[in-house]
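Features reported for this protein in TrEMBL:
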TRANSMEM  B:222-245  transmembrane segment
DOMAIN    B:224-347  domain 'ABC3 transporter permease C-terminal'
TRANSMEM  B:265-296  transmembrane segment
TRANSMEM  B:320-345  transmembrane segment
TRANSMEM  B:366-384  transmembrane segment
TRANSMEM  B:390-416  transmembrane segment
TRANSMEM  B:437-457  transmembrane segment
TRANSMEM  B:667-689  transmembrane segment
DOMAIN    B:667-784  domain 'ABC3 transporter permease C-terminal'
TRANSMEM  B:710-737  transmembrane segment
TRANSMEM  B:757-777  transmembrane segment
Amino acid sequence: MSVRIWLLLMLLAAPLTGLAQGFAGLGSRAEGFALPSPDRVLQFPADHGAHPAFRIEWWYLTANMTGPDGTPYGLQWTLFRSALAPEDGQGWGAPQLWMGHAAVTTPTAHHVTERLARGGIGQAGVTAAPFAAWIDDWSLTGPDFDHLRLTASGPDFAYDVNLQARGPLVLHGQNGYSVKSAQGQASHYYSQPAFALSGTLRLAEGEVKVTGSAWLDREWSSQPLAQDQTGWDWFSLSFDSGDKLMGFVLRGADDYTSATWIGADGTVTSFKDGAFEARPLTWHNVAGRSVPVGWQVRLPIRGVDVTLRAVNPDAWMATSVPYWEGPVTLTGSHDGVGYLEMTGYGE
Amino acid sequence: MTAALLSALLSHWWRNPVQLFTLLAGLSLGTALWTGVQAINAEARASYDDAARTLDEGQLAQLATASGAPISEQTYVALRRAGWLVSPVIEGRLGSVRIIGIDPLTLPRDTGAARMMTGADLSGFLIPPGQILAQAETLNRLPDTDAARIATPGAAPGVAITDIGVAQLLLNRVGQIDRLMVTPEQPLGQRPLADVAPDLLLTAAQGSTDVARLTDSFHLNLTAFGLLSFVVGLFIVHGAIGLAFEQRRPMLRSLRALGAPLNRLIALMVLELAGLALIAGGVGIALGYAMAAALLPDVAATLRGLYGAEVAGQLVLRPVWVISGLAMALGGTAAAAAGSLWSLARMPLLASALPQAWGAARTGRAQVTFALVLLGLAGALTQWGQGLLAGFVLLGALLIGGALLLPPILRAVLHWAEARARGPLAQWFWADTRQQLPGLSLALMALLLAMAANVGVSTMVSSFRLTFVAFLDQRLASELYVTTANPAEADRVLNSLEGTVDAVLPLLSMRQSVAGQPVELYGARDHATYRDNWHLLQAVPDAWDALARGEGVLINEQLFRRAGLGLGAPVPLAQGGALPVLGIYGDYGNPIGQIVLTEAEFRARYPEVTALRFGLRLDPGRVPDLRAKLQADAGLPASGIVDQAAIKALSLDVFERTFLVTSALNMLTLAVAGFAILMGLLTLAAMRLPQMAPVWALGVTRRHLALLDLGRALLLAALTGVLALPLGLALAWALLAIVNVEAFGWRLPMSLFWMDYLRLGVFALLAAAVAAAWPAWRLSRMKPARLLGVFRHER
């Protein structure tokens, strides 16, 4: 899922409101960071924790849910780690910075909030066992990685849900060594795509009991990627059949696509550029930009030809660097739900 | 026709350049003083706003400990993890620079500090040795540190921003946070503050800053001075305009007889005056700017010392005071010219061309009545007035009433002298002096005001100084003052002091609010130092013994006056009810209220407060040794040890600078008054020829006449000075007993300084002599033909 590396770098490279474009200083401090290696065998639970020697890392969770009356809801919880230097440490001067994004999407509303924190004073961090990832009062914790409790809060929403893994971890690429470009840039990358979710959303209209499924991505790397692309469209789809599809399009002079098929039986298949296709169908104006919120997505090799519709076309992430991220419903060759992330649609 | 009329009107000024100069100079000087003061005020206020905006002080709610003790990082993280969106701040001084340590990641978005960070190199800022952001001028004042210095034009003067981690290192306060800013929008599901951090107090956003309120009185003082100077300037302008109108009466009559419409004449004269006012106003603003630029560093030092308020040392041309300066010039000219224009409008076409007895009508019964009403008002305000504004109304009524009463009193005195004069020349002298009085009365009133203000202000300042020095001697009894960073360091210091000093006096303090007033609470050890040195203004019998038994508290005069807490009144304390007031002590130079408890009472009520500051009593000769020992044994930084002499020197320095501005303004006012006399005499000189010529013709030499003129000026100045003394003393009393109490919260005993008054009197006479010398010299050199000419002319 290379796009998310770019997302992070874009977030950190762009001038944050009232903050520093100094995050861009990252580029000049690349020396000394650890590099992903194909020989590395991921070790659990240790690798659920943070890897401060690498420059960037995230714990990225999205969920499709329904309320008691069948209303669809979406949820996002992301913890980014960004190291200014490849070392851990205590105190204010420690170079590990953290950023959290949390959102809840309903058919009529989209609630977003963001947190920034220092690692060295304990305001944010991740420990592997027992597992705990936190920033401020937000947390993803549990006795192990299969049983987690997720919380977050903003001025106008909060949530508290339980997650139970319904399948094994999925290691992407070569045993979790995921090559990202022809130049050989790579990341360590694994997912838990099959959490069963139940819990409570706290919204202005009151508390809502929800159930659904969640997808958690874990990825860390140190290498910035080439940035000739203007943006990307990323899809994670859960079909009613139990199969799952992750795919993305990097928009540029030549579009570049990639996809991973996760069968209901747990088998994982990667597809190279061109196998996956995505075409905008309907556009929507949000935050002064025109964004495609309806899509035709195809993976002919698996007989997939579905139409995506945003649960809420206004799922705009008004964070330091804004982007669109929200739940979608699918119809066509397969029925199901999914999450859509789109960046690089200018004003 | 308009052009012709205008050139006829303007020709007057070409023929009387001195008058033109008088008008322009008077107006310029008045405007200059006003503008200068406004510029200083505007600059200072803008600086406070900048400084306050750095952290949006007052706009954001804050969390801090009641005791003022630092907040631990654990508490901060606990609050964040409980859903409290708070951002840590540590503040301190490096040299003369206010260092503010912030956390840019949690800093509320719309703060000035966040704006300063825009475009900054975040990783350079966060990672030690870090960066310090401030104005270039502020950076130059910083002592050497490892941190990179980043010039940031948007910073407030004297304020530097750095990362909290870097600030903790620079300030030698690792692990400490002074307060937490509370982001306006908080998340749902926050845990209650009492569960997470019970020792923190939440202060709601206030909307105004402490420093703005504290310095209000100072600025009001300056404004009053500016206004006083402007009024003195207006006296000059009024004189010049009145004279010019009188002298142009014949010309105006001729012009109207030739068919010039009255309306157009008046319109042109208004235009002419407006033009002159604008020119004078422009010059005045330039002069005012220069004056403000010269005085600003002292004002800045004063404000920094008295209130900790930072003011930029450089002046910015602000539209506010430029506009206010021009408006004052135009308004002042209008006020000064209104009467003359009015009489011109009503002048019959065939009125006598002879100038009216200029100004004579002003000294009538109405003026005396008005003066007495004003003085009555002043008297009433001393009894029933409330607030600082009433104090200034009182000063205004006193000064204007006194000034208006001056001409009638002088006339009565001259009358009395004339009745006792022997010989024709003496009788003529007195009569002629009285006859000149109307023409000179405005200048003399200006002199009276300047002298009275001088007497009043110098009495206040000198009284203050006397009290303050005595107070410093009493209060700063300990030979050495030690400040430690944390309880561990305090323990180390106490251990290393064991047996080496006569007494260690812990200075326990915390802040709380009493009757809506911010108050500092002190826990004092029962020790002779306090009993011997603290002077109680009011006290119950055996107050110190009662205090030692924990039966009550001592409060400072500020709290006594502001909260109305007299002897025996219960003082509410946050924990454990109220204690009665046992005594009230003078506490000069401190803006806020204080309560003193015994150490035992204090520790029982506020067990969470530990003493970090100590006063040490020891043989003064051993101070340098002990200082070295503390640095070596307990590792105290040099900045943590201050000896008594240094504090006294600093306090006195602050004091001197505070009133440097006042005395500079004082001298300027006196100079303007001297100038008013000069101009009055010069303008009178020409008009008096018809009165002088007959005396000369009877055989009195020009030289003799000139000496008489000089003597007359000195006599009038001396009489004015004599009258200025009681007025000035009344002013001093009002300043000390009313304005000071309202502005600062303490009343000062008034002392008299006769040598100062004598010196001022000599200055005033000198000013009058200098002013009169040139007209007298001109008279002594006047061509006899001009004097003879009087008999030729109609008039």
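Counting starts with 1 at the first residue shown.
Note that Cβ sites are derived from N, Cα and C of the backbone, with glycine treated the same way.
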Query: Reported in the order helix, strand, coil, what are the DSSP residue counts of the domain 'ABC3 transporter permease C-terminal' (B:667-784)?
result: 101 helix, 0 strand, 17 coil
- request: Considering only the recorded stretches B:265-296, B:366-384, B:390-416, B:437-457, B:757-777, state which has the highest number of Cβ pairs under 8 Å to the transmembrane segment (B:320-345).
  value: B:265-296
Message: Using a Cβ cut-off under 8 Å, which residues of the same chain at least 6 positions beyond either end of the transmembrane segment (B:710-737) come close to it?
response: 378, 382, 391, 394-395, 398-399, 402, 406, 409-410, 413, 429, 432-433, 436-437, 440, 444, 447-448, 451-457, 459-460, 463-464, 677, 681, 747-750, 752, 757, 760-761, 764-765, 767-769, 771-773, 776
- request: State the mean pLDDT for the domain 'ABC3 transporter permease C-terminal' (B:224-347).
  value: 76
Tertiary contacts of the transmembrane segment (B:390-416) (same chain, 6+ residues out, Cβ under 8 Å): 220, 224, 228, 362-363, 367-368, 370-375, 377-378, 381-382, 430, 433-434, 437-438, 441, 444-445, 448-449, 452-453, 716, 719-720, 723, 727, 730-731, 734-735, 738-739, 742-743
- request: Report, as numbers and ranges, which residues of the same chain sit near the transmembrane segment (B:265-296): CB under 8 Å and 6 or more residues beyond its ends.
  value: 2, 5-6, 9-10, 20, 23-40, 43, 241, 252, 255-256, 311, 313-315, 317, 321-322, 325-326, 328-330, 332-334, 337, 341, 344-345, 661, 664, 668
